[in-house]
Amino acid sequence: MALPPPDPQFVLRGTSAPVHTLHFSCGGPEPDIPLLFSGSENGFIHVWNLKTHRVDTALDGHGGKSICCVETMGGKDRLLSQGRDQRICLWDLAEGRTSVTDSVFTEHVGFCRCSLLKVAQGRWLMAMAGRSLEEVQILELPSKTSVCTLKPEVGAKLGMPMCLKLRQPSCGSQPVLLAGYEDGSVVLWNVSMGKALSQLICHQEPVMSLDFDSEKAKGISGSSEKVLSIWSLNEQQNLQVYKTHELVNAGISDITIRPDKKILATAGWDHRIRIFGWKKLKPLAVLDYHTATVHCVSFSDPCDPRERLLAAGSKDQRISVWSIYAQT
């Protein structure tokens, strides 16, 4: 008989609103105890202490508008947040500060989360949905210099970008962007050339989330349908469907591959978190705790594999934190 799925290790309450985004930061004074950042529909970013299970700091910089992305930039004191107020804010949290040091106006009203890639010490690339419908803009941070604007070919009709993932396939190689669009396509862009290398229709519905494993040159995407699509990138930089996996219930809000590339987690509209083996997409567990749509999932990446955690944020205003398949 299969073992019953575990309960959460603990649950974080107190956001007072649906949770839309989560991000772990595993560096810091106590490296085995990560911080967890959450972004809520009421515009607040909460910094959670996972030792006390309480909020250390609450940040309010988006005028009450929903937060769709939070990420640290090279340590827990530099934070980037994106809100539905069309602003991306950079924060300085060192020595107890809670100040926005800079911001970028996005001119985009959709739900598309920006994506960050570290390219050198103190230098980052950021991809974000652009001003006109199908555009993606690439900026360099902290200078906010425009690198390029990625526009589909005339007549391509991809619709809005829905999800973005910047990656550097190997050390010293050119950065690429994988973008999921409203028409169900995933497009691979060469950022430095500003041109599309390959396009693949993976879904019949808009691509809600995707993740990419640079080592295996393989990615996965989900939509509002019942299908996970796994696709690969060949040496000619062409995307091709690798396999598909049918789900029991439709609707995937978020997908993330664990940093060690062993397992992945999906956030479901059916209130469940599903865990799969990444190598063969073997279903491993269904985590059933939340009472509403799960909006986001995030893995920690600690020094000690036994300390690995998975966090999930839901419309039910709770964050569940799990320790599963931690020791590898």
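Here the Cβ of each residue, glycine as well, is placed from N, Cα and C on the backbone.
Taken from TrEMBL, the feature repeat 'WD' covers 200-241, 287-328.
Per DSSP, the repeat 'WD' (287-328) is made up of 3 helix, 18 strand, 21 coil. Across the repeat 'WD' (200-241), DSSP helix (H, G, I), strand (E, B) and coil residues number 0 helix, 25 strand, 17 coil. The average pLDDT for the repeat 'WD' (200-241) in the predicted structure is 93.
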